[in-house]
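Asks: Before anything else, here's the structure in question.
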Amino acid sequence: MVSFVVSPMKLVSLGVMLIGTILSVSSEELVGVWLGLELNLYGFLVIMNPDGHYSPEPCVKYFVVQSTGSILMLVGFVTLMEQHVVSGLVMSTAGTVLKSGVFPLHSWVPSIIKNSSWLASGLMLTWQKVAPLVFLSMILPSKGLWVVIVSMAGIGAVGGLNQNSVRVMSAYSSFVHTSWMLLGVTWSSVVFVGYFAVYSLSVGLFFYGCSSMNKMSMGSQLSSAASGMGLLMLMGMPPFLGFLAKVLVFLMSGSPVIVACIMGSVISLKFYIDFFYSMVMKSLVDKNKVEVKAIWSLVICMNIMGGALILVSFI
């Protein structure tokens, strides 16, 4: 089992990262948005390699990418203040697209995720997307947003096929889920928050299980259940919460773009199922079958109860 040592530096960095995102999302001024993103970046850079045990390469790459995006956004904001609307919007959009890692400036995400720690990879695929995606949905025209959504669904589904790395597979999987989140945030912030919460929980459980196991086999039944539940939630299989999150977006969306999101999810099932059978199902063949059945029964019951609570909250 992996042991986590929490140091004051990690706590302070985590706090700065959280405050930065909240400031960026809640700010009504462009300067506040930019400042929040910068605080988030500086806090996250420490979390990527707090003890110097990991390779500095992904940290440096992430800093270069995010700094470039920040410069583009700042130049765009200044240009907007000077009443040059078109040029300002182009620069701001380009910077936001680069920072959020969406089409067409998405190619840096898999390479950085592949060489990062499990914690940094999980945060990069979840919390780090919140502020850029929310701001992108506000400044990008509807037609441009539809192009991004369709492209992300297709790239994520096709790119994840035949991937051997779990982290790279998760990066391409995040592209598909990003298309769902972008579609959700354009129609309802509540749906976006709900989908993001379910997706974050799924990634957290999946990465926790993967980080707690040996590369060749599952280390414990708890790790097996966590990774299996996270994977099934990412797949969007009923009765798990991932399926309910997609249903909510489907019901709220009135755009034909939802077809691209559905097709992307269907295609991505291929590499989800391959991983599920190759790594998760192997762990179920052991001496403690009674314990395994009990854990998986609890997992399914928790998802059903969680889905019922979400449905009740929307009624």
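Using N, Cα and C of the backbone, Cβ positions are placed for all residues, glycine too.
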Asks: Quick test of your reading of TrEMBL: among 62-81, 122-141, where does it put transmembrane segment?
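Replies: TrEMBL lists transmembrane segment for residues 62-81.
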Asks: Would you kindly list the residues that approach the transmembrane segment (62-81) from elsewhere in its chain, counting only those six or more residues past its ends and only Cβ-Cβ distances under 8 Å?
Replies: 30-31, 33-34, 37-38, 41, 44-45, 48, 87-99, 108, 112, 124
